[in-house]
Structure formats: C-alpha cells, structure tokens
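Following: one structure in structure tokens, then a few remarks.
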Amino acid sequence: MSTVAEALAYKVADISLAEWGRKEIEIAEKEMPGLMALRKKYAGQKPLKGARIAGSLHMTIQTAVLIETLVDLGANVRWASCNIFSTQDHAAAAIAQAGVPVFAWKGETLDEYWWCTRQILEFDGGLGPNLIVDDGGDATLMIILGHKIENDPKMLDKTPGNAEEKALYQQLREVFAEDNQRWHKVAADMKGVSEETTTGVHRLYQMMEKGELLFPAINVNDSVTKSKFDNLYGCRESLADGIKRATDVMIAGKVTVVLGYGDVGKGCAHSMRSYGARVIVTEIDPICALQAAMEGFEVATMEDAVHEGNIFVTTTGNKDVITLEHMKQMRDEAIVCNIGHFDNEIQVDKLNNDPTVKIINIKPQVDKYIFPNGNCMYLLAEGRLVNLGCATGHPSFVMSNSFTNQTLAQIELWQKEYAVDVYRLPKALDEEVARLHLEQIGVRLTRLTPEQAEYIGVSADGPYKPEHYRY
C-alpha cells in the first residue's frame, strides 16, 4: 500500500549552533568565487526551478555554500552527509535554520546514516528526487538496489556481508513494506546524478557495464578542475590538518608510508614531505610508481615498508590495503589513517574482532590498539576519511572548484535530455571553472593573438587543449 506523507523538516545535532554556522558560511563565501559567480550569473533566471535535488555529500561549511547556491538557482533541496563522521554540526544547523531539510550529525551510527540517506530521497507529497548530488554513490546505490529488490524480493532474505550492508538492507526492507514499487517510481522520475568522487565514479561505471544504471550520470570527479585540484591540492593541506588535530604528532623526522600515488596520493606524499617526513610510496601501477620515484620518493611494497613507517595513509579506493597482519607487524606507536572514501582500505572489522587485541578509546575518532607483543597503534577516524573525521576537510577555495563543477553538472542534467550513460563535463566548462577562480588569487591570463590561435588550431577563447590532453 502506497501512502503520501509530508517529509520530515530536518534532523541535526543542535539547532542552536546555527548562528555560529552562519558566520562561518559567510567567511567561506568569500573564498568560493566560483559558486558566488554562478549565483550572480543566474540571478533571476532560476535554471534549476522545479528540480528536486537529493544531496549525499559531506555536510560541511563549504557544502553549505553549495546547497544555498542550488537553492538560489531555484532547486528544492534535501541533504545528508555521505560519511558518519564528516558533518560539521554548526553547518548542518545553519542550513536547517535556513529552511533546507538536512539530516546529518557528526558521529552517526550506520543505522542512522542509512536512515538519513533514505530521508533525502523522500520529498513532500510522496515524491522522490529528480536529481542527485552524490559523493561515493550511496544515494544512487539505494535507488538502484531498491529497484533490484522490487524486481526480486528474495534479495531481502540474503545474509548481510557486514554491518553497513545490514543497515542499508533494513531501510530497504522498511521501504518495500510500505510501497513495493517505490524505487521504480523514483527511478522513472530521475533526470540524473552528478558524482563527486573517484570511488563513486567507479561504482557508476561498474553499474553501466552491468546494465544496472537507471539514469544518466555526470562524472564530476574527472573534471580537471576537480581531480587535479580537490584531490591533489585539497589533500595536500587537509591530510596534515587531520593527523595533527588527532594526535599533535611531530611529522618532521617521521617515516610516512603513503599507499597509492594517484591524485590523492600525490597530494598526501608531497604534504608529508613538506613537513619534513621521509616518505615511502606503495603502488600497483608502474606509471604511478615511476612518477613517485622521479619525484624522489622511495617506492616499496607494504611488506617492506610496514617495518619502517611511523605514519600510514591509505589513498587507493581499494579494499584490504592495510591488513590485520600488517598492523601487527608495525612499529610501536604507529599512526594509521585513511583518506579514501570508504573504510575498507584498512581491515578495521578484523582488527576490532580480534580477541587478542585490546582497544582503548583516546577521544572521538582516535583509538589505541594494543597487540599481544606489547606494541600499540593509533587508528584515526575508525579508518574513515581522516581529513573530515578528525578535521574539517579541504579548504573553501579548492572546494569552490569542485562545487562549481557540481552546480554546472546539475544545470546540465536538468536542462537537457541525456541517454543513460556516464558523461563528463565539456572542456570549455572546465576552463570556465578555472577562469572564475583566477582573479581571487591575482592571476592575469595571457591572450593569444589571432595569428597564434590559428597557428596552433584553437580558438582564442578556448578550449585550449584537446580532450585527450593530460594536465
């Protein structure tokens, strides 16, 4: 039986934090010229009028500026965080007080997390979203998996593989009991999703290959002004912030092992070296390994590096990169953290369920593990994103790049009709995003003469590089 109900207004930790949140949002706006330029450009046009946007993305001060930009452009928005530890409670309170339904607080349980994700997919009048802003793909996953369950209800009888899957299936079980065609109706109304991060993009391509993707998707992550800025320069600053706030450790003189040398790994390795650490990189890709070596980093296997490192950082987006056996072999007082999207890069479940290991909570998001040999290890943010779990994430300026791309992607999906596939934003928009951020940092561009433009075969107004160009 289908029922129509009014959607919940909001659920946050403490609405009285709204004034503090608003003050920080106003500061962030000054550091986010891309988003503010879009507000000015589209003032009065409301290019997202009629759009119902479900946002599953870290509920931070910077995200608040994105949310209010989407609202300014005409959208009806509901929001949740995409990580149980990443919400800044004062940011959530400010957005809730401004009238946007937000369901997020720092330190959610997995059951609460998936409940919050469900709330953003339930608009007034029993409607679902017609657009999604996703980070990691959980909102998209809930719709896709719910749709599959409606086709094959026996899926609800499966034994969950872990606590996260158990919590997700519980929400889907409740939805199915209320309306066994809910997700078919939601999917039919969807115009698309824009995905923020590498992990979520991998999910989208996998769904597309399997024929499971139900609506168009724009891969925001691989826009140059996202991956080469947010992933690289953002991590270069926020990793150290998270480690230091959590531990107060001196990085200089330490050995830091960075697992993975993609854009995120590059930012992390350079960050740690800039603080005076000796950095060892582990890699599976010969190209990335060669890049790391050419930058002067030692490249080794984890089996060799595990005995040397004082600090370990996973950046791969893969699972079981640091195993329980690795952790048992580490030096005394090692610090272990992750800056990839999910918590399965480190075998946290195995660690927590090992009866020979003693666990002592030091403070929120900092846990001490004592092994049978007497050595101890500190795990930050329970193996989830250290920069958001133990600090406040990337700086506003670099997030303006990413979120300007997200806003443009939402406009693109709303105003045009796309076939089901995974797309990227055109290079002209990528260049425009960069251009919007130049004045703020005092950059003046050289302009091609007509003769120069003709000589290299481009327009004087861009795009300046072919699609295959690697920045």
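For all residues, glycine too, the Cβ spot is worked out from N, Cα and C.
Of the residues ASP124, ASP135, ASP304, Swiss-Prot puts just one in the substrate site with THR60, GLU196, LYS226, ASP230: ASP135. Around the Cβ of ASP135 (substrate binding site), a 10 Å sphere holds 26 further Cβ atoms from the protein chains shown. The binding-site residues in question are GLU196, ASP230, GLU283, and the one with the fewest Cβ neighbours inside 10 Å is GLU283. Counting only same-chain residues at least 6 apart in sequence, those with a Cβ under 8 Å from the Cβ of THR197 (NAD(+) binding site) are ASP135, GLY136, ASN221, HIS341. In three-state terms derived from DSSP, GLU283 (NAD(+) binding site) belongs to neither a helical nor a strand segment and is classed as coil. Taking the Cα of GLU283 (NAD(+) binding site) as the reference point, the closest of the binding-site residues THR60, GLU196, ASP230 is ASP230.
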